[in-house]
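The structure under discussion appears below in the form of structure tokens.
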Amino acid sequence: MMAMPDAIYGGHSGVTSSDKPLEYRDPNQSVKILGFWLFLATDMLLFGCLFATYLVVRTHTDGGPTARSIFDIPGFTLETFFLLTSSFTGGLSTLAMRNGNKKALVSWFAVTIALGLAFIGLEVHEFIGDVASGATWERSAFLSAFFTLVGTHGSHVTVGLVWMFLTLLQVAKRGITPITARKVFVVNLYWHFLDVVWVFIFTVVYLSGRVM
Amino acid sequence: MKTGHSPRRAKSLTFLSAALLVLFATGCGRQYMVLDPAGPVGREELHLIVMSAILVGIVIIPVLILLFYIVWRYRDKPGNTAPYTPKWSESKGLEVVWWGIPIVIVGVLGAFTAKTTFALTKPPAESADVTPITIQVTSLDWKWLFQYPGQGIATVNYAEIPTGVPIQFELTSDAPMNSFWVPQLGGQEYTMPGMAMRLWLEADKAGTYYGHGANFTGAGFAHMDFNVIATSDSNFEAWVKQVKASSPALTKAGYAQLKEPSVIGTKSYSSFPPGLFNGTIWADGGQYMPNMMNQTGSPLKAGIHTNSTGVGSGDSMSGMSNMTNMSAMSATGTSSSQK
Amino acid sequence: MAVHGGVTREPGHKKHKATQYIVGYLSSLILTAIAFGLALTHTMRVGPLIVVLTILAGLQIVVQLYFFMHITEGDGPPFHALFLILGLIFTFAIALMSVWIMGFPAFMAQVS
Amino acid sequence: MPSGFMQFADKYLMWKEGPMIWGSDVAILLVSIGIVFVLTYFHKWKWLWREWITTVDHKKIGIMYLICALLMLFRGGADAELLRTQLAIPNNHFLSAEHYDQIFTTHGTIMILFMAMPFIFALFNIVVPLQIGARDVAFPYLNAISFWLFFFAAMLFNLSFVFGGSPDASWVSYPPLSELGFDPGPGENYYLLALQITGIGSIATGINFLATIFKMRAPGMKLMHMPLFTWSTVAACVVIIFAFPALAIAIALLTLDRIFGTHFFTILHGGNPMMFVNLFWVWGHPEVYIVVLPAFGVYSEVVATFARKRIFGYSSMVASLMLISVISYFVWAHHFFTMGAGADVNTFFAVASMLVGIPTGVKVFNWLFTMYRGRIRMTLPMLWTIAFVPCFAIGGATGIMLAAAPADYQYHNSYFLIAHFHQVLIGGVVFGMLAGMYYWWPKMFGFKLDERLGRWAFWFFNIGFYVCFMPQYALGFMGMQRRMYTYPADMGWNTLNLISTIGAYIMAIGFVFIVIQVLYSVKYGERDLTGDPWDGRTLEWSLPSPAPHYNFAVIPTVTSRDVWWELKEQGRTDELKPKAEDIKPIHMPKNSARPFFMGLAFFVAGFGFVFDSMWLGFLGLAGVVACLIARALEYNDDYHIPVHEVVETEATLGRLG
Ligand code: HEA
Ligand code: HEA
Ligand SMILES: [Cu+2]
């Protein structure tokens, strides 16, 4: 091992200290984690605007399908369960990463991906059902907003799945290094974030739609 | 180093602003419409404008003077004997002053603003005992349609109103959003498809007042001007009679044609299809304005009962036969305390 | 980026436990169950129900942030937490104030 | 062939539209041929590719932003001249209504998004890493992506003029006017997609600089040691990352309406056009502060340097920056007071808007008192700064007047408003960016811009400004609306409009002087051999001009505000000279062509969607995804500059201590 070269920045020149969680130890990686948190903050605003739009046109059904008429309780209950659980298993993969347990990490990733796929499958199924019954997003402002909000979340989840899979490959190939550790941590941050968004979707869209 | 520039610049600026002041001061004739209001609403707004100009002037003018003084006094010129304290960079006292003064000013201006904002949502207080007249305004591409539900007539690109009577303009659009503005009577409000908004205006002097759409709606927008003609009560009545007697009726087909994008002159109609105004709103999604439905069925709660003659050919309700909550709409009347 | 030896094994570092994750998972399930239960059984009036649902969702944010996303950990000052909180405030401001503005609430008040 | 071709030429190349289009076509063709010829003749293709297109060096990216911003200032300015020419006399037929509408739309959009934004990004890039003692930004690769997204978005937007037609629904582009029913052409799609693409780039820049500033300061540099330009970057980036998502959503939903048949903002099927207005201004208002905050940062640097005095009230300056960025988030509805949203809403937003004046005023007073008891050198950056104060104070004051909601019922969409925002945008942003450009020009290029020509530019631009925009306040009071392509002769607006147009021409002369000044100074400008031509105060002036590729051979340790000034005062400047034995290999990011290709892929996608060509659109997006995946799997993206190379470079610069 050669001497640590000067980092590209001055800050904490290449000091790795081991009282921090693994993903934060290399300053090159810890700055990326900060960057990702900032990204999450903007993504949150993105969803905030979609929620705002949904709330404003929620009742604008133009005589077409209403929230009450299209939401299917068992469907979104199951979706919720899958996603909450996948957030948990995602968390366990972070734990495995921090413990340096590559095998557990890969397995928990696989479980998480499977749960995510199940979630997406259900959502696609729900959407297909809606469209088949005439509830398309061209039908009314309410449906435009509904499909866009839920669909944006769904496409985020899809991106997350691809990304998690890519990360899994890298961990499998390279083991747990500061770089892969950071990647594992970040993809999980994203995943938990999507879980929070889903909590708001089922609260604001599905549950409120049932009662209002 | 050349340093002679800033004072010269200061002077030229002062001259410029002085010249502008003169321009304003002498020019408050008819052409400075905003500064020459012809009704209580415009006056109230002008009052706020003047108020705000004075209040901001209290800080801005000293700032300008201070700037010119400082730049002139502390310029880097050989032999300049002004004090030089390169490390002096904090002063609690001074900072309190310039956090404080603007706070006070914003407080005062904010209070005036709040008061005026709330006041303008009601008919002008001066003529509180006069029965208002309702005029329904629809902005089209690129013309203005005025309907008089009380009188049963309609006009295009001009409107007559009696002086001394509060006018309740109900505004909507059957085209891209526009804004209804008659500077001498008072400020504007948007005309939006699918919504009906209210704007109270009143003229207390007879005259012809320039009006124009103020929100861009495409190629013909520049030609969307109209006149509001304020006359005495009797002249107004006579004008209504004359329009009733000598003008054609506006038919549904005629409206469809009017709606087509075009730039036209003025027109008058002796009547208009019943429910045209509300039909326009509902057709474009007005059913989502929560408050328009619930109590009265009129897009504006007070819309049909502020004027006693409201149930004529301009009946606000007949256009809504396709609506589901007809029952809710019949509960008109008693809830309104409008004078 | 040079890969430094030794990091993968974390010699002598305390082993992280799964307890935190399990607690987080259970709390999120419980919060969800309460929300679903309240909303689907019509035990409350709509207004208060919406408030309760929103509070429950807010608690879920805390659960995910604390138990799963380790918001309290990090390297240096907690800038990420600062920005997240600011973002949350702005998010709620946009959503709620848009409803406030676009609901034309004073549309009625204008008249009375 | 001819008839098919003629149809194509008619529809997309707009050959029936007259000499302006032909002229532009010819000009574009000539310029393109010229560029290709010059590059080939001087064998510069490789150089262009290696040194610029694939670069991830923040200094070069900054320079590319700067060049684009100046070009866009020219384009937007030429638009402005056309607008003013049309308005010079009543009933003018120099431009048709359609052309006028397109021109003010592109003028506003270009000036805000493709002139002001890249201009501030140019300064962020050039200055911030140098000021905080870093070797690059936190994410150099992402930084290059941001630039290329901006660049290709600007290309896409400008392409509309000669291919398919420009947008014409104004820079705010309110539906339903901007919906398919009223605006079927591709112009509006160009607007939507170009803004979307550049918006993504801007968010990335915001994140990038926040991470840079919070994580990569030189050791010892506490937050409260940071130069105020860096602080202003923080403030602006905070607003960027929280405001741009709203723009992204607003225009994404409008795009869905136009291309995929949804009904967010249509007047059919329950759409609500006002929601677009609402979302647009959730971004739009903070946006104006995004562009003005960095200008405030520039003024703070310039004032301290040229008054030869510490900035007055540093802590208040920082606090007011932060307050402005937070409050500016809660004022957006002041752009639609006249929507009728009720007195409580209007009052809230009116008072919130006025509140912004308080921290802004604090800044003004602090600048004044920085000059007070200083020694003011009238250099070009300082001239623009001094000119800024009255211009911005008056513009801000009229802003406060606009914020009084019921008064705004009378000003809204009138020329009073036009005058207000040009006063703050030009007096605040453009003056600031020019001051910054003059100030840091030697740092970028190693020579100063000519002072004499600069003064000519300054006076023409300033006098022109007042001549152009002061009459517009009066026109507002006379009831003249914005966005009218012409006006009748009997309104009494004739004289003032003519004066205003003359003012615009004088400003154009000022701009021409800037161009001449740059060209002249390339050859004759005073070379900067010391690296500190202005007797500066902050870290960037401790470096040679232009700074070496890696900025700092050895990262300095910072112990106070205005470090460089302190060291100079104490005669300790040698401490910042690197010693050969301290130099270690420097870790730097590798160049990459992928950001360029990613921008290109976005361009293809945007172009596809503009013309409703789904296959092309999704093909472009596939390209984007491919770039992202390739990046995710990339490990080998950095290298080390060996010690001897650093030592050599420093030695030739004469800096080895
Ligand atoms: C850089 C750009 C910039 C800046 C800095 C500002 C600053 C301000 N603006 Fe402006 N504004 C625009 C760009 C900008 N604006 C644009 C582009 C539009 C129109 C968009 C469009 O419709 O196309 C617009 C429109 C606009 C409107 C909408 C009007 C309408 O559409 O009808 C309003 C209304 O409140 C407003 C208010 C303000 C206020 C209160 C400030 C304040 O921040 C100003 C604060 C500054 C000062 C007050 C001066 C300094 C202070 C002192 C010296 C001491 C303290 C003084 C007092 C307390 C009085 N602006
Ligand atoms: C930073 C932003 C910025 C800047 C710098 C400017 C600069 C100028 N603007 Fe702009 N303007 C806006 C932002 C800006 N504007 C916005 C957002 C709008 C609203 C758009 C909308 O309604 O949608 C607007 C609208 C607007 C209008 C109103 C149009 C209308 O509503 O009908 C006018 C009219 O006078 C105008 C004039 C000018 C002038 C004369 C300049 C001058 O400062 C320009 C100075 C000139 C140059 C810097 C370059 C000089 C050019 C040459 C040397 C080339 C000469 C070539 C020829 C003559 C062909 N602008
Ligand atoms: Cu604003």
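Cβ atoms here come from the backbone N, Cα and C positions, even for glycine.
Just so you know, TrEMBL annotations are computer predictions that nobody has curated.
Annotation comment: TrEMBL describes D:20-42 (among others) as transmembrane segment.
For D:43-559, the entry in TrEMBL reads domain 'Cytochrome oxidase subunit I profile'.
Here TrEMBL flags D:63-83 (among others) as transmembrane segment.
Annotation source TrEMBL lists transmembrane segment at D:103-128 (among others).
Marked as transmembrane segment by TrEMBL: D:140-163 (among others).
Positions annotated as transmembrane segment by TrEMBL: D:190-216 (among others). Long-range contacts of the transmembrane segment (D:190-216) within the same chain: residues 105, 109, 113-114, 117, 121, 124, 128-129, 132, 134, 137-139, 142-143, 145-150, 152-154, 156-157, 159-160, 164, 166-167, 169, 173, 226, 230, 233-234, 236-238, 240-241, 244-245, 247-248, 251-252, 254-255, 258, 602-603, 605-606, 609-610, each at least 6 residues beyond the stretch ends and with a Cβ under 8 Å from a Cβ of the stretch.
As annotated by TrEMBL, transmembrane segment applies to D:228-256 (among others).
Marked as transmembrane segment by TrEMBL: D:276-299 (among others). Taking Cβ pairs closer than 8 Å, the transmembrane segment (D:276-299) reaches residues 112, 116-117, 119-120, 123-124, 172-175, 228-233, 235-236, 239-240, 242-247, 249-250, 253-254, 264-265, 321, 324-325, 328-329, 331-336, 339, 356, 363, 367, 381, 385, 388, 421, 424-425, 428-429, 431-433, 435-436, 439 in its own chain, all 6 or more past its ends.
Counting only same-chain residues 6+ beyond the ends of the transmembrane segment (D:311-332), those with a CB under 8 A from a CB of the stretch are 224, 228, 231-232, 234-236, 238-239, 242-243, 278, 281-282, 284-286, 289, 293, 296, 300, 303-304, 349, 352-353, 355-356, 358-360, 362-363, 366-367, 369-370, 372, 403, 561. What TrEMBL records for D:311-332 (among others) is transmembrane segment.
The feature transmembrane segment is assigned by TrEMBL to D:347-369 (among others).
The transmembrane segment annotation in TrEMBL covers D:381-405 (among others). For the transmembrane segment (D:381-405), same-chain residues at least 6 beyond its ends with a Cβ under 8 Å from one of its own Cβ atoms are 295, 298-299, 302-303, 305-306, 331, 334, 337, 346-347, 349-350, 353-354, 357, 360-361, 364, 367-368, 411, 416-417, 419-424, 426-428, 431-432, 434-436, 438-439, 455, 458, 462, 465, 473, 534.
Among the features that TrEMBL reports, transmembrane segment is placed at D:417-441 (among others).
Residues annotated as transmembrane segment in TrEMBL: D:593-609 (among others). Panel annotation: around the transmembrane segment (D:593-609), residues 49, 53-54, 56, 141, 144-145, 147-149, 151-153, 155-156, 159, 189, 193-194, 196-197, 255, 259, 615-624, 626-628, 630-631 of the same chain, lying at least six beyond its termini, place a Cβ under 8 Å from a Cβ of the stretch.
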Long-range Cβ neighbours of the transmembrane segment (D:103-128) (under 8 Å; 6 or more residues past either end): 58-59, 61-63, 65-66, 68-69, 72-73, 75-76, 79-80, 82-83, 95, 134, 137, 143, 146-147, 150, 153-154, 157-158, 160-161, 166-173, 191, 195, 198, 202, 205, 209, 212-213, 229-230, 233, 236, 287-288, 290-291, 294-295, 298, 425, 429-430, 433, 436-437, 440, 443-444, 483, 540
Most Cβ pairs under 8 Å with the transmembrane segment (D:417-441), selected from D:20-42, D:63-83, D:140-163, D:228-256, D:347-369: D:63-83
Result, the transmembrane segment (D:347-369) in contact with the transmembrane segment (D:140-163) (3+ CB pairs under 8 Å): no
Arithmetic mean of per-residue pLDDT over the domain 'Cytochrome oxidase subunit I profile' (D:43-559): 93
